[in-house]
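**Student:** Have a look at the structure that comes next, please.
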């Protein structure tokens, strides 16, 4: 376990996904007093060394960050900025008010960061005079509302993103250089009241033609070819749904989490009941992630300050596991081995991590190492952990 502290509060975390030979995480800060930053966290696995580099993100406090699947130097953020209301434009200064809007943008790191030849993070020049990100283009959603997240097309060429802005899902086409973005299609969430998307996930299955979104307590599926709704799980959670993730190996399986302290697993072909429900957290669950390679491994992070690693093997792509004799570890008996091979392994909580002292807003698996993951709490503490070695070999052997 390795801990890293930031000076500033933070809630946005992503793993570098393009050319992922190196273990790298990106963190976006949230500060009202100081310029906000992107912290680039590189982990040297052989020497157990974490290095941190800083880039300025002067646009505003960062609520969401996502890395391009095609270019390791390109990323998107959703951030707050203040705008003057129209009241102040008539020359009457005492009626002017600023309102906060949340915008989306595409950025590029400086070339030296891309090549890995940037200064040592201990270099005082780097820490006191960090370089700026290069703005490639705004995802101008001002006519559609506040952006909650930007999603890259999974395994794509980096030319398509979706932004969720209030009750709109906007599909953007980016130019080759990502310096221009145009809306190619959109969908609108319709119904009573002020509907707003709170989370979304672009499915890696079905040729990347499906999107899942959350609003209030509901989860919806969309066909991106027609921008039409294909399923709706009403009251998927008892309170607000915070996050979604698709199982990378089972095309119809989706995980969700929310303010009812629960994590639920769904087969979207049969949405009447969840396939499984976890109730291990004691406060809002903000983040859920399937392991990219071994989908029985599921991470969750919560306002109870805990990260939980679960082994959801019964609903995984390998429900019988690679080892059928894991009971030998506990009772030493292998008399009924033939019977055991016919029964799925049992789901279990592998480990509960309690290194955080504040709400854990994000958990992410490394794209380079399937056994390594990071968690981020609001006090700016990043913790990097590993799957227990015994479980790793159970899965591999």
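Even glycines carry a Cβ here, placed using N, Cα and C.
Taken from TrEMBL, the feature compositional bias 'Basic and acidic residues' covers 115-126, 333-345. Here TrEMBL flags 131-309 as domain 'EIPR1-like beta-propeller'. Annotated region 'Disordered' per TrEMBL: 111-132, 326-346, in sequence order. Marked as repeat 'WD' by TrEMBL: 234-270.
Quick one: where do these features end up spatially?
**Tutor:** Away from its own ends, the repeat 'WD' (234-270) comes close to residues 198-201, 203-206, 212-219, 221, 276-293, 295, 298, 300, 302, 310, 312, 315-317 of its chain (Cβ-Cβ under 8 Å, at least six residues beyond either end).
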**Student:** Summarise the model's confidence over the repeat 'WD' (234-270) as a mean pLDDT value.
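**Tutor:** Over the repeat 'WD' (234-270), the predicted model scores a mean pLDDT of 97.
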